[in-house]
Amino acid sequence: MMDESPSFLRFRTIAFSCANFLSFVWVILYSVVAFLQWDLMDSSERALLAVMLIANVITVMTLLVLLLLEFRVWLDVARICSLLVAQIGTAGAFVYWRPQFRCEEKLGDQQGVCDMISFYILISSWIVPILLLSYLGGLAFRSHRRRSVQCTPTSDTEKAYPILKDDLNLPNSSRPSLLPIMTHLTTPISLASPSEAYSKARQSVNTRRSAGSAPSRHSLPLGTPTSAARLSKRSPLLDYA
C-alpha cells in the first residue's frame with residue numbers, strides 16, 4: 001500500500017463509520033417492525049422488509065471488514081459498488097411500493113403519524129447511499145490527483161529552487177549562466193595597475209640581459225691584449241720562411 005494522506009484516511013473513516021452506524025440503526029428498526037407487524041403484513045411487504053434488513057446487515061459487516069483491513073483502492077471500489085447496488089435497489093423498491101402501504105386500523109391523527117413515519121423512512125433510506133457515493137467521489141479525486149502528480153516530469157526540488165538549478169548549470173537548464181565572463185576567463189586577474197605591471201616586467205627583462213651579457217672591451221684589464229692586437233702580431237714561424 002502506498003502512503004496515504006492523513007486527511008483522506010480520516011475522511012474514509014468518518015464516511016464508513018457514519019454509514020455503518022446508520023445501517024446498524026436500520027437493522028434494529030427493521031427487526032422491531034418485523035417482530036411486531038409480521039402477521040399484519042402482506043407478502044410484498046414481508047419480502048421488501050426482508051430484503052432491506054439483509055441489505056443493511058451486509059452493509060454493516062462489509063464496512064467493518066473494510067475498516068479493519070489494509071486500504072486498497074481496488075478492494076474499496078469493488079465492495080462499495082456492491083453495497084451501492086444493494087442500498088439503491090432497496091431504496092428504489094421502497095419508493096415504488098410506498099403508495100401501496102397502508103397502516104391498518106389507523107384513524108385520524110394516527111393515520112397521519114403513520115404516513116409521516118413512512119415519509120421519514122423514505123428520506124432516511126437514501127442517506128447511506130449518499131455517504132457511499134461521497135466516498136467514491138473522494139476516492140476518484142484522490143486517484144486522479146496522485147496520477148497527475150506522478151506524470152509530472154519536474155521534481156519538487158526543481159519547482160522549489162528553479163533559480164538555484166540554473167545558477168549551478170545543472171542538466172536540462174534552458175537559461176544561460178548569469179556570469180558568462182567567469183566561464184570564458186582563462187588568464188588570472190592581477191590587482192596591480194597597468195603601469196606598475198609594465199615597469200616590473202621591463203625591469204625584470206633588463207636584469208636578465210645584464211646578467212647574461214659578455215664583458216665589454218672597456219671593462220677588460222689593461223694588460224690583456226685585445227683580439228685586434230693578437231691578429232696584427234706576426235707569427236715567429238714566418239721569419240724562417
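Residue numbering: from 1, along the chain as shown.
Any Cβ shown, glycine's included, is placed from N, Cα and C.
Taken from TrEMBL, the feature compositional bias 'Polar residues' covers 201-210.
The region 'Disordered' annotation in TrEMBL covers 200-241.
The transmembrane segment annotation in TrEMBL covers 12-36 (among others).
With a threshold of 8 Å between CB atoms, the same-chain residues lying at least 6 positions outside the transmembrane segment (48-69) that come near it are 13, 16-17, 19-20, 23-24, 26-27, 30-31, 33-34, 41, 75-76, 79, 82-83, 86-87, 89-90, 93-94, 97, 125, 128. Per TrEMBL, the feature transmembrane segment maps to 48-69 (among others).
What TrEMBL records for 76-97 (among others) is transmembrane segment. Sequence-distant neighbours of the transmembrane segment (76-97) (same chain, 6+ residues past either end, Cβ-Cβ under 8 Å): 12, 44-45, 48, 51-52, 55, 58-59, 62-63, 65-66, 121-122, 125-126, 128-129, 132-133, 135-136, 139.
Same-chain residues lying 6 or more positions outside the transmembrane segment (117-141) and placing a CB less than 8 Å from one of its CB atoms are 8, 11-12, 15-16, 18-19, 22-23, 26, 52, 56, 59, 73, 76-77, 80-81, 83-84, 87-88, 90-91, 94-95, 98, 101. Residues or ranges marked as transmembrane segment in TrEMBL: 117-141 (among others).
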Which residues of the chain, 6 or more past the ends of the transmembrane segment (12-36), have a CB below 8 A from one of its CBs?
49-50, 52-53, 56-57, 59-60, 63-64, 66-67, 71, 76, 124-125, 127-128, 131-132, 134-135, 138-139
